[in-house]
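Going by TrEMBL, these are the annotated features:
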type   : residues : note
DOMAIN : 47-113   : domain 'Zinc finger PHD-type'
DOMAIN : 207-267  : domain 'Zinc finger PHD-type'
DOMAIN : 272-326  : domain 'Zinc finger PHD-type'
Amino acid sequence: MSYGCKRCRYFLHESCFEFPQVIEHLAHPGHQLILKYTPASGVSAFNCKACHVGDNPALLFNFHYSCNHCDFALHMGCASMPYKVLHKDMALSVFYSNPLRNEAGPLLCDMCNHSIDKSNTWVYYDHSHNFVTHFGCAADSVYGKVENDKDYIIGVQNGLTNVDGDDTSIVNYQKNEHEGTQYKRFFHRHPLQQLDRSMDNSVKNRKCGICGTDLSTDKKKECSSCDFIIHERCSFLPEKIQHPFHPHPLTLVPKKDGVEVQCIGCRQSSGCHTNYTVLYQCKTCEFQLHPSCAACPRRLKKLDLTLCYSFPYKNEVSKLYCNYCSKVINKDQWMYYGRSNDEKRHITCQLAVGVSNCYVTLRDLEVE
């Protein structure tokens, strides 16, 4: 079955006819991207922000996605690429700005061995294996296995339906199984053991030694050697993570008493809506995140909000106010933004309201 115009002899496969006409992409959260016809080369050329290839006649599709407000455009295949790509035994994450742009010397793609432009190029990168590749090479590894055009079209369609980033990770976190009842964690020198629920009343006014919030009736772990008690969920904070906003791994370290350290996400020195005694810190440079900020999901589907690491408005001169607390959102703060309803929130406000399964995000970012 196909669709077509008899008068001008223009036809489309049914599968091609069903491509979404409007999408929202995580790399361009401020505006929607519209499906547009790609004219012959030289008439109205565009440059894809992902692969930096224009209207190549060798490409299968004669359409692309572009923004009506600025010069942002993507090939249909590039727009459909997932946040993570599995290559051999590595999970490669997409970076919308080159995380190795400050590295000395030439940067070579580990797939094709050709040079990678450091200035403004999307790449797929895995820090733990020190593996970096062109965005286009990663796309070839995904779609290059497709045997025919029909399967390729279906693959792109499936990718575009997940373009909002709900299914961003291909790495499933497996919780470590422990023998016995004692747990030795890197942030405390003594073993921790499960606190009997009958002891809840004796600690109801205590604070968690990690996040600083009330222990309430949640499951807890305590140290039998000293006066240290924490939520069970806090005991599973990963020791090391790889955050998509930073090229180096971040290590969970205790905060130093009397030393003010500003979080890159919320731009606060205290622990956002909590009082964490630990933070994730880069050992290479001055980059640090509160665990709650590091755990912020990239997408809140029910609220239609996307986490923005940079200001979603270009050339915006007026002040931007949080729809939750009515206070100004600084341009160097991360924020949640909803394009459809123009909803704007501090990440701290959203964390105070609550983010379900927040720590699951950290588990997906965990590295050895």
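Just so it is clear, glycine is given a Cβ too, placed from its N, Cα and C backbone atoms.
Each residue of the domain 'Zinc finger PHD-type' (47-113) gets a DSSP state, and the totals for helix, strand and coil are 4 helix, 18 strand, 45 coil. According to DSSP, the secondary structure content of the domain 'Zinc finger PHD-type' (207-267) in residues is 4 helix, 16 strand, 41 coil. Sorting each residue of the domain 'Zinc finger PHD-type' (272-326) by its DSSP state yields 4 helix, 14 strand, 37 coil.
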